[in-house]
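As written in Swiss-Prot, here are the features:
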COMPBIAS  1-26  compositional bias 'Low complexity'
REGION    1-98  region 'Disordered'
DOMAIN    199-288  domain 'EH 1'
DOMAIN    232-267  domain 'EF-hand 1'
REGION    299-427  region 'Disordered'
COMPBIAS  330-364  compositional bias 'Low complexity'
COMPBIAS  371-411  compositional bias 'Polar residues'
DOMAIN    494-583  domain 'EH 2'
BINDING   540, 542, 544, 546, 551  Ca(2+) binding site
COMPBIAS  593-614  compositional bias 'Basic and acidic residues'
REGION    593-634  region 'Disordered'
COILED    622-690  coiled coil
REGION    891-923  region 'Disordered'
COMPBIAS  911-923  compositional bias 'Basic and acidic residues'
REGION    935-1175  region 'Disordered'
COMPBIAS  941-984  compositional bias 'Low complexity'
COMPBIAS  998-1008  compositional bias 'Acidic residues'
COILED    999-1036  coiled coil
COMPBIAS  1061-1074  compositional bias 'Polar residues'
COMPBIAS  1082-1103  compositional bias 'Polar residues'
COMPBIAS  1136-1146  compositional bias 'Acidic residues'
COMPBIAS  1156-1175  compositional bias 'Low complexity'
REGION    1201-1240  region 'Disordered'
REGION    1259-1324  region 'Disordered'
COMPBIAS  1304-1324  compositional bias 'Pro residues'
């Protein structure tokens, strides 16, 4: 039957106040190490009735049983009290009791009592509280008059033989059976503050049920199976796992598992998952994990002792003493047979039935009026004494007090003849009804019920009995529960409060409180000095004089504990020791132990010095035969190695496949990039292949006639001027109307507003003036002026002005509408004619100038535009070059008329031509400025006077005839590949021709340049005439050809040495200096000079003209010291020429021509080479021409005469020329023919006379001393008119070659820079 009393809360034992009854308490439990024999007096005087029941509340609690050591049976007193009460409830009248002997307290219970006894129930004699009818208050309880009956004890020598132990169906619930919980797992008893005690116990039980035996961690799969039942999202569980797995080991220890469960519960309650754990929680979990790790390491170091079947009986109880033999240990917790219990009850109640007859029966065992007893354990009912009545040999012998339930250090041996109390059994319920006085008491069902895991609905099961086989009563369970109950820890609420107090006083945030501050805080509690010193000694664990946060919290906990009346412990329990101190002490112990273990003596021979001992002929048994375990381990290791190898191989394959994929991707990207680049190049080629707009008709729309386009452009250009005139007329009209309005309305106030409006300030000032005038008139006696309607007049005046302004605004709006309408019409017409509108400006600027595009696209657009300009210029100059080749005379005439036809902006008829002209001029100016800065060479423009030299009538026929002969000779003698550069050379446009009369469109800078150039020309002409006069005098006085050597400030390879005897290496040395970069600028300018007679060319090799080449010995001395010195100065850059003077070059031309006339051919070496074809002879040129030209404008010298019988060497290819500053016509790009020489001698190398180059450096005569005025050519010329001729050693180009004009070339746009033509092959 289910016991209704087992669910009642335990009532405080109120019957412990023995002072009122002069009764001594029963000494029970473990608490007494020695028991004193105290004489009992309380049982001689008994109180009757219920007169002392009101004082029951003052009775103190009796320490009974083992209730202070076990937690597994907390409710057993309540369960046992009602069970045994009905048995003692049968009270008999004590009317016939004759002996009233004082009962003496009996010492029951022995050291051999096992913990498996009745807890808190002293099974001793039962004092009865009776009342007498006569009013007397005496007690006759347990004073039997008959013989004592044998008591049921635990001796083997029972009078009645004991039955063997049998399984008894007692109704106990097997709650402690093994349900899969791993109780062997050792988890330190550390309290986690962030979860409650109940949650920690639940999590620990769940952890033990899941953990694998032999391990202290749960795997990720096991944890996942638990956490997924919460219903959270996978990403939330993943984040919880990341926070919980503090060691990143992939497994969870118990504190980490508890943390994970705490986070899951927090999320389920609506909280969010923290991004990172707070420091407090992290520290607690970390310290718990460290404690587990240290405990595991300590347990592994402790040597395991062999286990015995009796270990579980003594686990956790250190006070167990060896038991005396001869006694049967009480194994049954209240499982005696009911028959024996009934017999014992009958035997115990026999003396009570022989009591006094006059005693009135008292109801005992009830709840309503429980009599006062001196041995009461509860406030509910009297406790029966099952075996506490010691049988005596004589009736009058007092009973001795018995100690029950304790293990005493001194064994109290009872008097001889006494039977020791061994049965602390729980009595079975009486199945019979109570006799008297307890009719209202019902029989209670017995059965021990564990209070912790009781399930009321579970079926009753039979319990195992016997010695040491019932795991329900194992001491391990009892001890672990007892320890858990005794553990005292600081609650999280206390910790948080104490930590806040600590942080409040720790103003410096050092983590420590000094002794003065901490003691002052503790002193506020009001405790005495001794308690405070005790608390300080307990909390200052490391004896540092300061307290950290954990030590301060411990001290505050001890302070509050002492204030609550508890006793301070002498030493801290493990649960109160701060975790930091525990970890520090553990580390210290491990270090100490590690030092002792590391001091092992090394073996005599280690593995490195091992040598096989061949004396051992017989192998050891271990090597001959392997055990099964070793083979399994080897196989497992092999399997692990194979698995690792497989994993490595798989990873390698994955890496190889990944690398292959990356390579394929890179190759694919490269191929795609290559395809994109090819497509881009194709687009570029397609764009470049598009026809240029300049090659088309001047108009984008061929259907529109040219005259209509010109008319439209003219009208469009007149529109802005017309609107400007309209605006001016409108302004004049408004001003006239305002003036007329002022004349009509004669108002005395002059307005200061717009259009002379009268403002309020004007009226105010006028009113003040009128007031002053009126005052003056009053003083002088004059009549005051009448200005009453001043405001009305001002308003009328302003209205007239406003009317004029409104009319003007209407007119302006009408004009604006007309302008907008005209612009719309002109835009549509312009779109039809030119293919674009002004609104396309931004887009055109973007794609024409590359604005807002990528750098690559912008560079391509710029390069394409440059190439398009080059193609356009080539296209425009094609017709002009053809015209030059047709007729030289017509070309000259056209060239003569060109400045007159193309000299101004207005001479162009179409807008395209005018825009091309403007662009051409702008490009020329830009190139000139860039050339002045040294950024880029000029492509064809120079900065001398734009006026071409005017030739006399006598020079024109001769020059024309010479040009025709040179062209014919060039066409006959030159190979085809030499004729290729002739067209671009002849097609060089005369870009400077329109510059003579472009004053209308040039700015002030161009005007200043032209003025400077004119002054420069005048100075040069003056100097040139003076020097020519001096040179003519020198030529007349010169006696030898060597004296006419030209010292022009440059290299002397133009100079003609005197005839010398040829040597064998002259023909080879002739081409020695042709690739010298320092001489190309002058070597390319050699042209035939004109003389008085037919000149004879010298066959001296060119090696003689090289200053670095040793001069061949000659018959007459041809070395000129001054010329050599001047040459060296030129090479070193020390000459005085600044490259501006034009007369120097002219002088050089004249002197070279005279020198070429005077030089005669000398002997040549006999080793001649193959002859070359002979060119036709050229006509002789009279000397008067040279004389006139030397004084007048310089011209190109005539070619020398050659003999008909001499063989000619093929002339070098013509070099491209360009227009220089002093030339008005393009130069002739042909070289003069070489003179014929005899077939028996080596052909002489022709020495070409220098071409006419205006602006070259001045030349001096051979023996002429440099004068001071020679260095005065350096003029202060701005950089914008600087020339490139200062670069004396640059690679010669087309702009460095200049000849006299031979014909007129029609003007054309400037050509791009012509590439440098390679020099001719060496002479044979």
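Glycine is no exception: its Cβ is also placed from the backbone N, Cα and C atoms.
Sequence features annotated in Swiss-Prot and their locations in the structure.
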{"residue": "540", "record": "Ca(2+) binding site", "Cβ neighbours (10 Å)": "18"}
{"residue": "542", "record": "Ca(2+) binding site", "Cβ neighbours (10 Å)": "14"}
{"residue": "544", "record": "Ca(2+) binding site", "Cβ neighbours (10 Å)": "11"}
{"residue": "546", "record": "Ca(2+) binding site", "Cβ neighbours (10 Å)": "16"}
{"residue": "551", "record": "Ca(2+) binding site", "Cβ neighbours (10 Å)": "24"}
- Averaged over the domain 'EH 1' (199-288), the pLDDT of the predicted model comes to 90
- Per DSSP, how many helix, strand and coil residues does the compositional bias 'Basic and acidic residues' (911-923) have? 13 helix, 0 strand, 0 coil
- Note on the structure: Checked against DSSP, the composition of the domain 'EH 2' (494-583) is 52 helix, 4 strand, 34 coil
- DSSP says what for the domain 'EF-hand 1' (232-267): how many helix, strand, coil residues? 25 helix, 2 strand, 9 coil
- Query: Neighbourhood of the Ca(2+) site (540, 542, 544, 546, 551): other residues with Cβ within 8 Å of the Cβ centroid, in order?
  - Reply: 512, 539, 541, 543, 545, 547, 548
